[in-house]
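Chemist: The structure's right below; bear with me while I get my questions together.
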């Protein structure tokens, strides 16, 4: 306390902070980026290991030999699904009853806020079919789920056939201690969400559905299966769920263990695992996989049916069969054995998966980065905002500091005069107008879509996207509006106070986002922090304005799409990137209203108004 109360010591501290602030900010930002890039290199990346004792060994004998039966079921399912987009409910009921399951159906309907042009649907109605295999050795207190999504674009026939063949095989075993639910959902994720809401007796997305007539125990784990052919060259696992949630790492370890036992090739993000981590090639390949995971997790989308289970505290994975040009191929029997082994191990669980990590990054299936090792990367970036805020606070408490002299230290003999206060009224206008623009960006595109279609020759989805872009660009005129209301006798102190508030606001937002979804928080911090630190109404304003625009949330999304496709080795042209950007905007809004994805409200109600504050600072008059 003596350091802050003594004027001489406080003046010395102010000199140090003002003199070293810029070098410390640069060093902190570089350290944050370097720390993130180093996550794919040992020792920051560690080998995965099984933490749950009940799943620590693969000493189970898989007996599934129903590959031919699975193919027969798949052919029958495809034959009965003659009408595109229609699920053969009656055939599924008969087939599930024939293998000894309790069979139930659930109808659901959903009117989307605007037409989904990607899947060509607006008024959605469908029927889910599920069968329950009751555990012969216990009461129905716990259960496992094997689910297959069926959408209008792909029938997923082989996955349905394998599900029915596994149900027939499981029915003949007596060692099950948990109920097993075999679920076939209509309309992909919409059917999955409808079933989950009905199973847990809640309604969070507005889907109208019939109540479930049959239930099993509390769901402990779930596996979603997607197969496009009778043979696969590899199984790709997807872990990223809604709003960046991840399943317990032990479930992923279990999948990898049984793939290795059965000789199945398993991939992550479509990438093979690096074999040599001692050379530079292995970590660099792991860095590509890690970046792909970061980009997918940051989107907040449910990248498979498993992503919706995670919201309900159910550990889940989505497995996709890949049939490429590789020489070695595996049939449905091999895939079925891996699934049988996983379910038999999950059957041993005495409690929910909780021993291993829930927050991690994956440079490979056999390597992970824990939360304690990746969070410092974001911490270094947020330190830049804290240092700049401290610098502004000290400048505001020094009398007679001009913007040109902000970086200069005062002479030792200069007394500290009473501080000229900056009234909160001078900051109220830009803060309120910025937040009002965020509210308009959040509400108007969906509310005004019908009005836009009446006056302009556009479809509803196009109207939503164009309204989004129009409101976003209209925010650039914000400084001209706020300056008419701001009346400060000391204009330099006005923009410094506004920037101080904006820096604290941005740091709090990014810190909270990073705790919930590290990937999103890091990407936003890596892009927004430099422009936020440099924004001021003096100096090369054109350069600062260009930097602010390039690092705005919308342009960050645009650039992330190019980076994502580049990492997938499917580069985009500028026209293709723009079209994909418009589609991503529409899907982001749609997934918020349909599934509760939070990326759109975070950007519209939080980061966009904050970005407008820095834009206001830049053009302060």
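Cβ from N, Cα, C; glycine included.
Remember, it's a predicted structure, so these values are computed and weren't measured experimentally.
Pulled from Swiss-Prot, these are the listed features:
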type	residues	note
BINDING	355	Mg(2+) binding site
DISULFID	259-266	disulfide bond
CARBOHYD	203	N-linked glycosylation site
TOPO_DOM	1-19	topological domain 'Cytoplasmic'
TOPO_DOM	42-370	topological domain 'Lumenal'
TOPO_DOM	394-425	topological domain 'Cytoplasmic'
TOPO_DOM	451-462	topological domain 'Lumenal'
TOPO_DOM	484-495	topological domain 'Cytoplasmic'
TOPO_DOM	537-540	topological domain 'Cytoplasmic'
TOPO_DOM	564-597	topological domain 'Lumenal'
TRANSMEM	20-41	transmembrane segment
TRANSMEM	371-393	transmembrane segment
TRANSMEM	426-450	transmembrane segment
TRANSMEM	463-483	transmembrane segment
TRANSMEM	496-519	transmembrane segment
TRANSMEM	520-536	transmembrane segment
TRANSMEM	541-563	transmembrane segment
TRANSMEM	598-619	transmembrane segment
Chemist: Secondary structure at residue 259 (disulfide bond) (DSSP, helix/strand/coil)?
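Modeler: In the DSSP reduction, residue 259 (disulfide bond) maps to helix.
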Chemist: May I ask which of the recorded positions 259, 266, 355 is closest to the residue listed as 'N-linked glycosylation site' if we compare their C-alpha atoms?
Modeler: 355
Chemist: Out of 426-450, 496-519, 541-563, 598-619, which stretch has the largest tally of CB pairs under 8 angstroms to the transmembrane segment (371-393)?
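Modeler: It is 496-519, which has the most Cβ pairs under 8 Å.
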Chemist: According to DSSP, collapsed to three classes, what secondary structure does residue 355 (Mg(2+) binding site) have?
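Modeler: SS state of residue 355 (Mg(2+) binding site) = coil.
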Chemist: Using a 10 Å cut-off on CB atoms, tell me which of the recorded positions 203, 355 is the least crowded.
Modeler: 203
Chemist: Same-chain residues six or more away whose CB lies under 8 A from the CB of residue 266 (disulfide bond)?
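Modeler: Listed in sequence order: 234, 235, 236, 237, 255, 256, 259, 260, 273, 365.
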Chemist: Taking residues 6+ outside the transmembrane segment (426-450), which of them lie with a CB under 8 Å of any CB in it?
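Modeler: Long-range Cβ neighbours of the transmembrane segment (426-450): 113-114, 460, 463-465, 467-468, 471-472, 474-475, 478, 481-482, 485-488, 494, 497-498, 501, 589, 593, 600-601, 604-606, 608-610, 612-613, 616.
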Chemist: Going along the chain, which residues at least six beyond the ends of the topological domain 'Lumenal' (564-597) come within the CB cut-off of under 8 Å?
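Modeler: Answer is 110, 112-114, 116-118, 189-190, 193, 204-205, 242-243, 270, 288, 291-292, 295-296, 300-302, 308, 311, 445-446, 461, 464-465, 468-469, 557-558.
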Chemist: Given a Cβ distance threshold of under 8 angstroms, which distant residues of the chain, six or more beyond its ends, lie next to the transmembrane segment (598-619)?
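Modeler: Residues 243, 299-301, 430-431, 434-435, 437-439, 441-442, 472, 475-476, 478-479, 482, 495, 498-499, 501-502, 505-506, 509, 513, 520, 524, 528, 531-532, 535-537, 541, 544-545, 548, 552-553, 588-589, 591-592.
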